Amino acid sequence: MLDSRFVREQADRARQALAHRNEDPVMIDAFLGYDTARKDILAEIEALRHKRNVASDTIAQMKKAGQTADEPIAAMREVSAKIKELEVLLAENQEKSDALLMRIPNIPHASVPIGPDESANVTEREVGTPPAFDFAPRPHEEIGEALGIFDFARAAKIAGARFPLYKGAGALMERALINFMLDIHTTEHGYTECLPPLMVNAKTMTGTGQLPKFEEDLFKLERWGFYLIPTAEVPVTNIFADEILNEADLPIKYTAYTPCFRSEAGSYGKDTKGLIRQHQFNKVELVKFAHPEHSYDELEKLLADAETILQRLGLAYRVITLCSGDMGFSAAKTYDIEVWFPAQNRYREISSCSNFEDFQARRANIRFKRPGQKGTGFVHTLNGSGLAVGRTLAAILENFQTKEGAVEIPDTLRPYMRNMAVLSL
């Protein structure tokens with residue numbers, strides 16, 4: 001959530017930022033309209049309170065003098081009733097103003113390229129060389145079905161479309177990748193592992209920005225009012241909701257493996273085969289709570305932490321900076337990491353690393369205290385995938401496939417897979 005003072009004092013910048021994000025700048029004008037009305041109502045309430053205080057003094061003096069005060073008492077009651085009406089109106093105005101502010105996206109950082117869509121994204125670097133095959137590489141879903149490690153037909157029978165069923169070495173590799181990623185992030189990168197709830201309440205979803213704007217993307221348990229998490233970012237970021245952290249403890253770094261659940265609303269007909277776009281998938285998440293003065297340094301470190309996994313696995317990838325029109329609602333700056341998929345002959349997203357500055361922290365009320373100073377400030381929150389597990393597995397199948405239909409297991413993953421070197425029939 002944006003700082004309301006920023007919207008008031010820098011309305012032109014806020015309008016421009018919304019236009020750069022393909023959002024209607026009229027939201028800023030609507031907010032300012034509510035703000036003006038709020039000030040007018042407050043001024044009227046204060047004037048009436050002053051009038052009531054004067055009347056109260058007059059009544060006291062009249063009673064002291066033995067005079068009848070029926071008329072000023074009646075007038076004071078009318079003033080009090082009017083004040084109550086205005087207070088209700090003020091509360092309604094505040095509710096509408098807050099609801100609107102919740103739907104205004106974050107302001108892009110100055111380093112973010114301006115553009116309407118992914119065509120304006122900027123490639124920062126390409127790392128590694130995509131493999132050259134002397135045969136037509138097969139897609140991961142075909143490889144997995146042939147090896148007997150995927151069973152999409154039975155997954156569809158059990159749950160419907162866009163659900164995976166891993167078997168045998170496929171399930172083993174998925175688990176191996178999770179453990180490999182967590183081990184790197186905890187032992188080498190300094191993250192603390194946590195295992196959060198997979199269901200959260202609406203307040204938690206609001207804190208990270210999924211609600212109220214993106215409810216259609218979520219799975220909701222209507223009877224209980226819970227939501228299935230779309231990413232571990234949601235519960236992990238909210239660990240410190242409504243808390244005040246010590247400045248000396250920043251940055252605080254967590255990593256978490258969780259299943260993730262997404263409705264994939266609006267993706268009908270896209271990536272209908274394989275592991276790329278699923279309703280349920282596994283992901284290892286990285287979350288940071290950083291000092292505002294150091295959050296962009298922490299973003300670069302977080303990006304490097306996610307890249308390490310791909311480097312250790314020997315997968316070719318590229319890093320791109322998302323333009324203003326392609327960024328997520330809550331982000332101030334985002335890097336995407338895209339891994340090479342030979343059968344598709346293109347890069348596909350496998351991680352998104354973002355700095356939200358104080359946007360989420362203000363919604364979730366996550367503050368920090370500076371020693372020797374009055375008051376508190378909002379921390380900056382960051383997160384990134386470290387990595388999406390199913391897509392990593394799919395990339396391994398495609399990049400390390402052989403003409404004979406086998407798959408060579410990356411050296412670094414073999415200790416997690418009972419020292420298996422090859423997946424084959």
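Note that Cβ sites are derived from N, Cα and C of the backbone, with glycine treated the same way.
The L-serine binding site annotation in Swiss-Prot covers Thr231, Ala232, Glu233, Glu285, Ser385. Swiss-Prot lists Arg262, Ser263, Glu264, Glu349, Ile350, Ser351, Ser352 with the feature ATP binding site.
This view paints the features noted in Swiss-Prot onto the structure.
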residue : record                : contacts (Cβ under 8 Å, 6+ apart)
Thr231  : L-serine binding site : Thr258, Cys260, Lys283, Glu285, Asn383, Ser385
Ala232  : L-serine binding site : Pro196, Ala256, Tyr257, Thr258, Cys260, Lys283, Glu285, Val287
Arg262  : ATP binding site      : Asp217, Leu218, Phe219, Pro230, Gln278, His279
Ser263  : ATP binding site      : Glu216, Asp217, Leu218, Phe219, His279
Glu264  : ATP binding site      : Arg162, Asp217, Arg277, Gln278, His279
Glu349  : ATP binding site      : Asp336, Ile337, Glu338, Arg391
Ile350  : ATP binding site      : Leu310, Tyr317, Ile337, Glu338, Val339, Ser385, Leu387, Ala388, Arg391, Thr392, Ala395
Ser351  : ATP binding site      : Ala306, Asp336, Ile337, Gly384, Ser385, Gly386, Leu387, Ala388
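Separating the Cα atoms of Glu233 (L-serine binding site) and Ser352 (ATP binding site) is a whole-number distance of 12 Å. Long-range Cβ neighbours of Ser352 (ATP binding site) (same chain, at least 6 residues apart, Cβ-Cβ under 8 Å): Gly328, Thr334, Tyr335, Asp336, Ile337, Gly384, Ser385. Each of Val234, Val236, Ala256, Thr258, Cys260, Lys283, Val284, Leu286, Val287, Asn383, Gly384 belongs to the same chain as Thr231, Ala232, Glu233, Glu285, Ser385, is absent from that list, and has a C-beta within 8 angstroms of the C-beta centroid marking the L-serine site. When Cβ atoms from all protein chains are considered, those within 10 Å of Glu285 (L-serine binding site) total 30, not counting its own. Taken over all pairs of the listed L-serine-binding residues (Thr231, Ala232, Glu233, Glu285, Ser385), the Cα spread reaches a maximum of 9 Å, rounded to the nearest whole number. Reduced to three states, the DSSP call for Ser385 (L-serine binding site) is strand. Cβ contacts within 10 Å of Glu233 (L-serine binding site), excluding its own Cβ and spanning all protein chains shown: 30. Put simply, the two farthest-apart Cα atoms among Arg262, Ser263, Glu264, Glu349, Ile350, Ser351, Ser352, the recorded binders of ATP, are 19 Å from each other. In the three-state DSSP scheme, Glu233 (L-serine binding site) falls into the helix class. Secondary structure from DSSP puts Glu264 (ATP binding site) in coil. Cβ contacts within 10 Å of Ser385 (L-serine binding site), excluding its own Cβ and spanning all protein chains shown: 26.
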